[in-house]
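Positions annotated as active site, nucleophile by TrEMBL: A:Thr179. Residues or ranges marked as substrate binding site by TrEMBL: A:Thr146, A:Lys168, A:Thr179, A:Glu259, A:Asn378, A:Ser383.
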Protein chains: 2
Amino acid sequence: MSVTAAKGFQAAGIAAGIKENGNPDLALVVNTGPRRGAAGVFTSNRVKAAPVLWSEQVLKAGELTAVVLNSGGANACTGPKGFQDTHATAEKVAEVLNIGAGEVAVASTGLIGVLLPMDKLLPGVEKAAQELSEHGGEKAAIAIKTTDTVHKTSVVTQDGWTVGGMAKGAGMLAPGLATMLVVLTTDADLDSATLDKALRAATRTTFDRVDSDGCMSTNDTVLLLASGASGISPSYDAFAAAVRTVCDDLGQQLIRDAEGASKDIKVEVINAATEDDAVEVGRSIARNNLLKCAIHGEDPNWGRVLSAIGTTEAAFEPDRLNVAINGVWVCKNGSVGEDRANVDMRYREVHIVADLAAGAETATIWTNDLTADYVHENSAYSS
Amino acid sequence: MSVTAAKGFQAAGIAAGIKENGNPDLALVVNTGPRRGAAGVFTSNRVKAAPVLWSEQVLKAGELTAVVLNSGGANACTGPKGFQDTHATAEKVAEVLNIGAGEVAVASTGLIGVLLPMDKLLPGVEKAAQELSEHGGEKAAIAIKTTDTVHKTSVVTQDGWTVGGMAKGAGMLAPGLATMLVVLTTDADLDSATLDKALRAATRTTFDRVDSDGCMSTNDTVLLLASGASGISPSYDAFAAAVRTVCDDLGQQLIRDAEGASKDIKVEVINAATEDDAVEVGRSIARNNLLKCAIHGEDPNWGRVLSAIGTTEAAFEPDRLNVAINGVWVCKNGSVGEDRANVDMRYREVHIVADLAAGAETATIWTNDLTADYVHENSAYSS
């Protein structure tokens with residue numbers, strides 16, 4: 001269902017030949033209206049890919065009619081030619097749909113530092129336009145995969161309106177945003193300011209807290225398009241909750257498909273003085289390679305959790321810290337707690353609770369273990 | 001030679017039985033004078049091991065007569081009992097040497113969160129004291145190894161005075177300081193303020209810029225003891241240069257022995273607006289897991305370098321960045337540069353130059369690649 005679950009959207013996913021292996025690599029999502037509302041959130045990496053620079057620009061009007069996405073090349077660090085290529089891609093979409101290029105967002109994913117094969121991409125846009133369909137959401141989700149082993153979609157429907165979406169991402173997953181492309185659609189009848197507010201609120205506590213490998217992408221893009229085709233204007237709270245649910249679901253799918261991972265690790269920081277403290281501590285734990293290796297080895301090595309907490313600026317007293325791993329409080333008051341032999345780590349999900357004993361705020365960061373498979377996959381990716 | 005290269009020092013290294021495998025695990029270094037000057041630099045991790053808390057305290061007087069070091073247990077996150085054990089260790093050293101406990105620094109390394117076997121450690125102190133010798137430096141260096149495959153020592157002698165030292169460290173290597181224990185000795189006749197100044201200046205640009213795996217230890221300790229036994233008072237500049245040379249040499253030995261590493265990576269940031277910018281960018285590159293995997297695969301993946309630079313706050317313009325890998329400028333003006341096929345990555349040392357084109361400052365950070373062996377070693381360490 002994906003991006004075509006909501007009324008007023010068509011999509012397509014095709015093989016344009018950008019990927020040498022012939023897999024699908026080009027997706028097109030079109031809002032058929034009646035409204036063209038849109039909001040977007042992009043990577044905070046200061047080295048931004050050409051499609052990010054373009055899409056940020058066109059989104060300033062708060063409206064989009066189409067999104068074109070390609071895998072097989074990130075079009076990042078490609079200089080003026082890379083930006084020209086993004087512009088030409090948007091112009092091509094505008095031409096075949098008979099709209100303006102300023103209504104077209106572009107998103108790209110794949111290797112950094114390589115120019116896109118425009119001789120394949122531009123004919124691909126024509127082909128995709130011919131295959132646009134109200135049932136094309138699944139194919140679009142498949143076409144944006146890179147090292148993803150599965151495609152990721154999510155849909156929430158209630159009271160006659162729908163929020164649906166697709167995501168890709170398996171490596172370079174880190175905050176602000178997790179590395180990924182996401183397109184969400186809705187047929188709710190809402191203005192762009194409301195879309196923007198709901199999208200930012202949702203990504204702040206979902207994608208922004210997915211930190212698989214600490215590496216922030218140059219291409220992260222999350223777009224939300226609203227057609228208004230349901231004719232229903234839900235309350236902000238109901239709509240924001242639906243957007244958050246879809247983002248959370250897609251974020252979880254990203255973590256579960258992270259490159260080389262054998263464990264999904266939920267790092268829950270509790271009793272922090274501020275939410276910022278909780279996030280800082282959660283990220284520090286989630287990025288500690290030694291801990292991530294220990295979790296891979298099913299070793300409840302809480303000393304590495306404390307060591308990670310100690311590198312932060314968050315408010316805490318070392319001798320009041322508590323840590324639970326899978327429900328066993330292995331560290332109490334900064335020292336040895338319950339018997340670590342009681343920690344059962346056989347399952348894929350691992351739950352770490354870090355109690356800062358410094359307040360009442362909380363945050364949850366999701367990460368993965370560090371494995372030989374991750375090393376293998378990422379030492380061979382560009383070859 | 002190690003810590004006994006300088007006149008006025010004795011040392012010993014013995015097997016006290018702290019390590020279950022019977023390997024040497026206790027070292028003692030004694031300053032026989034005539035002076036007892038000392039300086040120290042410790043981990044900036046806020047979760048500090050008991051011996052760090054103790055040694056910081058005793059060093060406030062600027063004098064030390066002895067340092068006792070153990071491997072086989074970090075005595076970190078061990079609560080009040082852990083601190084009592086450190087205190088008891090210093091008292092035991094004081095007793096056997098007929099000095100005060102306030103003249104004894106303690107350093108520990110090994111697993112976090114485990115109490116030391118004091119029934120073995122305290123008799124070990126007596127045994128070590130009996131074996132103290134002016135030729136004991138090598139044995140002391142061997143006794144502080146954990147996962148180190150070789151022991152690390154360095155000596156500089158000039159104009160009748162000497163600076164020598166020993167180091168341990170192979171994992172949890174990260175800034176502020178790199179994770180390690182280091183004891184330096186000198187027979188130069190200098191006051192404690194001079195020792196402190198020279199030591200801080202040296203560690204700031206050596207150990208603090210070794211970042212093997214981004215994980216900061218709870219136990220990092222660098223001590224400098226001065227006996228004055230040469231009767232020579234070198235100039236500050238000559239002495240500081242010698243201390244820096246020994247620290248740099250030991251830091252290089254740490255990198256070359258880092259757990260599981262197959263490449264030593266020199267990250268040189270040039271043309272930064274400030275030295276802080278250069279260090280921030282260098283660390284960001286050095287900590288990027290995806291890049292470290294690529295280097296392991298001998299893949300000159302400069303896109304991951306730019307992606308890492310982009311996450312920093314340093315002054316730069318994305319389209320003015322240049323990156324060289326092993327002498328080939330693979331990225332020019334933020335885009336594709338010379339042919340990456342020309343990069344020869346067959347050798348252990350890899351040299352990355354990141355040109356920020358924003359000023360005249362520079363900094364060099366050393367790191368290692370990320371390998372399946374690192375994962376293996378650190379997923380099994382505590383078992």
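Every residue gets a Cβ built from N, Cα and C, even glycine.
All chains included, 26 other C-beta atoms sit within 10 angstroms of the C-beta of A:Glu259 (substrate binding site). All chains included, 28 other C-beta atoms sit within 10 angstroms of the C-beta of A:Lys168 (substrate binding site).
Less than 8 angstroms from a Cβ of chain B: among the binding-site residues A:Lys168, A:Glu259, A:Asn378, that describes A:Asn378. In the shown protein chains, 28 other C-beta atoms lie within 10 A of the C-beta of A:Asn378 (substrate binding site).
Other C-beta atoms found within 10 angstroms of the C-beta of A:Thr146 (substrate binding site) number 24, with every protein chain shown included.
In the three-state DSSP assignment, the secondary structure recorded for A:Asn378 (substrate binding site) is helix.
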